[in-house]
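Notes to accompany the following structure.
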């Protein structure tokens, strides 16, 4: 074994790339390290493409092994299972920038597997996974227009920070990941604390500049360790067939794309394509219909893009900077804690908000440690939203990714646990879709949270921008349709408030996207965002003054931390009885904070009364109503507070001489007693006759 190693400094860390020792039967394998965080990246590609395949089957699998953090998995089987949400999101983060770097027409199956084998709790594994993937693809010989660089950018005390640690991110106003080639930014994913557009743009430029050291190092690594390039050539276009398809379908497609209603347009496009195929089959029964489908798709793209570049109206008749018609409704469902229906053109989201207690929060145990997520946002994309049939079940990668993007857009305005002691779950059901459903989810979530009475700092809206670029000519599009996303060169999603950006996601399919284009897109997005916020604020401009009658109300009280064990009781018996008998949910914290949750005010008050009884101290000289719980020869034990008993000596039962305690008292008898003394050991001395004397004096 002859290892080839490349090391370089990158921000605060040393990055090492190594190949030639592990997984030598893969087309490429790289052990990539950043500090103590290490990933094994393998790449395997099939040498032959499946006949007739018209798509590129790229699979990216990212897996975190618990042994990397010195842990044993939980659960019955004690081994890793299905991918977690974090693993799915990082797999998408790696997939998005590498996919456009494979050549058009390349349909060989390629699988990339990233395995986290060691983790430093201060260095997240996503950036080194992207770097390792870029290096493995670069040396594999598979056609790939890399290398690719990746960087995380923070913003702390007004300065950009390259690859901040986990601790630094806690005080950062920005968490941005940018990936790109030497000359172009390809992907951006970020979460921010309502930062100005110029700060966001600056962070993208900064991250791209800093990652040049990665790109250079991988190029040097490839020169030393690279395998011979595959003998692959792009399929040659059948120019005669291209001309025939153009003649048969171009005019029909141009007319079909004048139809503004999506379903009607799709129906007419299908008619035009079917007629073209029928004519081609009549002329040549051996024509390859898959090839024809590809050519029709390319022609469709050319027709739509040409109209936009020429300054003609968009597919639905809008100008480039126009937002589709908006409909905003809050409080649309009677029993949910909060709800909203947000409609933008043919995209619609029904969003609900549910409030719960702290124990309803999501508990995540990952290789980076345990954490609790009080705010959850789930995005569902059922097939009926686009007029199709399909499988319904667990969320797909796309749904998880869109939900996380919407979560990032909203998280910056969420209240702290001290301000609002509830767990919050939002669900966005996409009921119609024609582009930008994730940004519709952001808008709907903001509305539903306000309807639920969640004190978010301000309204948040999201908008998806697009781009069509031909040579030096380009047009930036606001509020793109699904077709414009599919046929365009950029998908640029921005969520934010009136004051700044809270989330930015960008996927670019071509090179040549300049800082000027990104700046125009951000400014155009700001105008669209403010327009949407104005409409949203007309429906509900601030959060409701109170939460729903159907939501649990959380009341917080403080007790002496030393009394927590009394509230819990032996084996949890006391708190279990409290919750069952009052119908409340009770949560205790180590500092003595007690949170009582119930939708019934009387139940809450009863729980508070009983907790105060349990935790109150016995006061010398005070009169208590108690119950006889045990009789002995020398007196009786009386319970005066939950868990607090005292002794009434035989001499303190009556002013008369008492020969036999049982002649005066019986078990479970209610008596009035006065506390005479509490000794150093906490023993309580009670008196019935002193209590009677005090009561008589009071009368």
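The backbone N, Cα and C atoms fix where each Cβ goes, glycine too.
Note that the structure is a prediction, hence the values are computed from the model and not measured.
Listed features, source Swiss-Prot:
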BINDING   485, 491  Mg(2+) binding site
DOMAIN    552-611  domain 'KH'
DOMAIN    621-689  domain 'S1 motif'
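Under a cutoff of 8 A between CB atoms, and with a sequence separation of 6+ in the same chain, the neighbours of residue 491 (Mg(2+) binding site) are 464, 465, 466, 480, 485, 505, 506, 507. Residue 491 (Mg(2+) binding site) carries a strand DSSP state (E or B).
According to DSSP, residue 485 (Mg(2+) binding site) sits within a helical segment. Note on residue 485 (Mg(2+) binding site): other Cβ atoms within 10 Å of its Cβ, all shown chains, come to 17. In the domain 'S1 motif' (621-689), helix, strand and coil residues by DSSP number 8 helix, 36 strand, 25 coil. Under DSSP, residues within the domain 'KH' (552-611) fall into helix, strand and coil as 32 helix, 16 strand, 12 coil.
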